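Chemist: One structure is given below, represented as structure tokens, and several questions about it will come after.
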Amino acid sequence: MPGIETIEFQGLPALHLSTADGASAVVTPYGGQVLSWAPTRGRERLYLSDRARFDGKSPVRGGVPVCFPQFSTLGKLPRHGFARTALWEITEQRSGGDYALATLQLADNPETRALWPHPFLLELTLAIEGGRLDLELEVENSGHAPFAFSAALHTYLRVAELEESRLEGLHGFEYRDALHGDAVRRESGEALIFEAGIDRVYHDVTRPLLLRESGRALGINADGFPDVVVWNPWEDGSAQIADMAPGDFRRMLCVEAAAAHQRIELAAGESWVGRQTLVTL
Ligand SMILES: O=P(O)(O)OC[C@H]1O[C@@H](O)[C@H](O)[C@@H](O)[C@@H]1O
């Protein structure tokens, strides 16, 4: 039956969204994290590690973790902030014949204020329709003083074979390369191909991206998020990652919509919105 169902996913509470034409997604309030997305007439498009921990404490390796209020180690908080390990609340569920949508919220609470002293409201909305997944992250400053944050939708895309995949659209953009001493360079390749680990923040990306694989392609568009992070740990990096099987680096590529290069300043009472859309082509 298409619509929205409450399910248990690896022991976590979750919503299963589906449409009459066969698209589906799973999201859990734990971390406000999308765990699965399959478009109409298509296979799963998100990577989720077989070794992911679903203990309600650890970050879940895969799907779309929400990084907030800190991207990576750009601050004093735990890596990628606290939103991905906090319990969010489901606030809206809606579906028609051809679409399904859910909204989850996370508000500041004693645990978040102990780490980061600001009142805020985060809202994640996911919507599926046909070959499309829309993710929207809204950040509201619900306090009386300004704050600054960095953030990302840390999307783990599933690929059949990374070495046969290419990412188009980043040509000409400046990036910071975390694997080469944070050197800042300009992308000179027409497409990124993957033959080694990669951990880059591309700045102010204004074009949609295209992930090409043999036999299929995925359009990746962002709005509001100025940056794109491209990450794959490769063989050496994944040896340090306990919750990922050794060969899995070939099956995933993170293409993240991020506000990482510069923090976003939000005045009291103001909101900011960032989106990432994935479309099968
Ligand atoms: O292992 P974590 O905390 O989920 O982070 C994974 C990766 O996330 C990426 O966004 C960062 O650019 C990488 O540096 C980091 O290693």
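Sequential numbering from 1, following the chain as shown.
Every residue gets a Cβ built from N, Cα and C, even glycine.
Annotations for this protein, taken from TrEMBL, read as follows:
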ACT_SITE  H154  active site
ACT_SITE  E256  active site
Chemist: Are there any residues at least 6 positions away along the chain from H154 (active site) with a Cβ closer than 8 Å to its Cβ? List them or say none.
Modeler: V64, P65, V66, C67, H80, R84, V229, C254, E256
Chemist: Could you tell me which three-state DSSP class E256 (active site) falls into?
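Modeler: Strand, per DSSP.
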Chemist: When you measure from the Cβ of E256 (active site), how many other Cβ atoms are you left with inside 10 Å?
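Modeler: I count 27 other Cβ atoms within 10 Å of it.
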